[in-house]
Amino acid sequence: MAGTLDLDKGCTVEELLRGCIEAFDDSGKVRDPQLVRMFLMMHPWYIPSSQLAAKLLHIYQQSRKDNSNSLQVKTCHLVRYWISAFPAEFDLNPELAEQIKELKALLDQEGNRRHSSLIDIDSVPTYKWKRQVTQRNPVGQKKRKMSLLFDHLEPMELAEHLTYLEYRSFCKILFQDYHSFVTHGCTVDNPVLERFISLFNSVSQWVQLMILSKPTAPQRALVITHFVHVAEKLLQLQNFNTLMAVVGGLSHSSISRLKETHSHVSPETIKLWEGLTELVTATGNYGNYRRRLAACVGFRFPILGVHLKDLVALQLALPDWLDPARTRLNGAKMKQLFSILEELAMVTSLRPPVQANPDLLSLLTVSLDQYQTEDELYQLSLQREPRSKSSPTSPTSCTPPPRPPVLEEWTSAAKPKLDQALVVEHIEKMVESVFRNFDVDGDGHISQEEFQIIRGNFPYLSAFGDLDQNQDGCISREEMVSYFLRSSSVLGGRMGFVHNFQESNSLRPVACRHCKALILGIYKQGLKCRACGVNCHKQCKDRLSVECRRRAQSVSLEGSAPSPSPMHSHHHRAFSFSLPRPGRRGSRPPEIREEEVQTVEDGVFDIHL
């Protein structure tokens, strides 16, 4: 029967189930493994797994009445294949597991041990870690000691550890997460996929922050060059997903506007940058990327955002059922969905060819968990190179590659609030890693010289005195943990930037944010941050522990999103893969609105659901 099914014309669930049973012979050999795997993977798109199990139980019971021993054993072979191919489904779905146990109990009662032995539900391992966003898997040790200083990390080392972090997060995504995203058009009640998207966005933002943390144009150019080579190594690892995140950060408007910085980037680096950008551009429906991915052998990490876009497009274009009664499923759509999801599922079966250093993983995890808004990054960019600054006169005529319509950020929703226990765990492990690697004399404290090295990994760190709470000239483990926990609590896990202070006067007394004493007098007795409005005494400036959080007006995401196309005007939810949007520029202070944004930014695409 498997050979007579014409999926393009549609079929019922029962017909497809019968076809999968008949795909087995009595010995358990599968004649049509593609059909069987497709149906077992895709059936939750149409019916719950518990209903499928009930249908299998009914078929087995009916075959007993008909004395069809062949049908009985084939049904058991299908159940065995299902458990073997998708074990997580049985561990995470208690109702499904109970139904299969009911079938096995029925076989045992009949004394049919041959058939019963085919169904081994009790040996399914636990997969609850796939549903726990806070779970951390053990990692292998590097044979040599690795420097944790960003400037000392080789591009391949950083590429390998970024690959490991994203791969570990990706392995937790299940079929049900993709199905939920496509049907709802968002990540509501989908924490695993939401966390992966946040990690992708964090990599892009971290790239921008590491560049903007450098005070001079030549220093920023060196960081850009470093990340271009990291992107090159990501391509060698065939990790296109993190490659997209890094290129998105390098191509962001907060970086692309730094003309003086780009004048210090070598022509060779610019050429390499352009090639990597062209690889992940949206031109031709990501044609360059798709061709490169198809030619890959071994481990490869596809750009999840591109394939989610494909799933959403299919969901909008084709119906699940071919009749109003919802009895004949759309086999053509099922095959197309399966081809996309099978490519994603293949990633988890091939481990990346990397080893990870636990200390560096802890450091990266905490670094990437910090969050800055686009406005904050853009504001820091303006502080580095104000718009009024004349163009640099440099013999180097290099310009950055044009900003591509890449997936800079996958969702316009706010970053999900992290579990506090996870934040504490990450911070404590990171601090322990810092002391193990940067406490050179082993006295259990960080000196000012050692602190300056650490600051290379955390450019948003406050002054040394803010961490040295007892002012003894060194920082203890407890003081460093306390600083990060305090910053995470006050700022909601979002580290800020240094203040842009100027002398100010006031007709009314204001309190110093550090010492809480009043700032008296109208003749510039205090300082005020131009970005966030924080006031403090001049003598308290370097001791202020509050990070700069630039004030911004509330922005309606619905108002800033482009209008849906006419053919989908009946839908109201919008899912955006890109930032910034034209509507958000109006929320910046007046000096930012004067900035001319590159016209290519309008080329980013939105998916409207």
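Heads up, the Cβ atoms here are built off N, Cα and C, so glycines get one too.
Sequence-distant contacts (6 or more apart, same chain, Cβ under 8 Å) of ASP441 (Ca(2+) 1 binding site) do not exist in this structure. Under the DSSP three-state reduction, ASP441 (Ca(2+) 1 binding site) is assigned to coil, being neither helix nor strand. The Ca(2+) 1 binding site annotation in Swiss-Prot covers ASP439, ASP441, ASP443, HIS445, GLU450 and is backed by sequence analysis.
Within 10 Å of the C-beta of GLU479 (Ca(2+) 2 binding site) we count 18 further C-beta atoms, all protein chains included. Per Swiss-Prot, Ca(2+) 2 binding site is recorded for ASP468, ASN470, ASP472, CYS474, GLU479, and the stated evidence type is sequence analysis.
Under the heading phosphoserine, Swiss-Prot lists SER116 (among others), citing similarity to another entry as support. SER116 (phosphoserine) falls within a helical segment according to DSSP. Every protein chain considered, the tally of other Cβ atoms within 10 Å of the Cβ of SER116 (phosphoserine) stands at 18.
Marked as phosphoserine by Swiss-Prot on the basis of similarity to another entry: SER117 (among others). Neighbour list (SER117 (phosphoserine), Cβ cut-off 8 Å, at least 6 residues apart, same chain): empty.
Under the heading phosphoserine, Swiss-Prot lists SER147 (among others), citing similarity to another entry as support.
The annotation phosphoserine is assigned in Swiss-Prot to SER554 (among others) on the grounds of similarity to another entry.
Sequence annotations record features per position, and here Swiss-Prot assigns phosphoserine to SER576 (among others).
The annotation zinc finger is assigned in Swiss-Prot to 498-548.
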Helix, strand or coil at GLU479 (Ca(2+) 2 binding site), per DSSP?
helix
I'd like to know which of the recorded positions SER116, ASN470, CYS474 sit within 10 A of HIS445 (Ca(2+) 1 binding site) at the Cα level.
CYS474
Mean per-residue pLDDT computed across the zinc finger (498-548):
67
Within 10 Å of the Cβ of ASP468 (Ca(2+) 2 binding site), how many other Cβ atoms can you find? Include all protein chains, please.
21
Have a look around HIS445 (Ca(2+) 1 binding site) and count the other CB atoms within 10 A of its CB, chains all included.
18
Taking 8 Å from the centroid of the Cβ atoms of ASP439, ASP441, ASP443, HIS445, GLU450 as the cut-off, which other residues in that chain fall inside it around the Ca(2+) 1 site?
PHE435, PHE438, VAL440, GLY442, GLY444, ILE446, SER447, CYS474
Cβ atoms within 10 Å, counted per site: which of ASP439, ASP443 has the most, among these binding-site residues?
ASP439
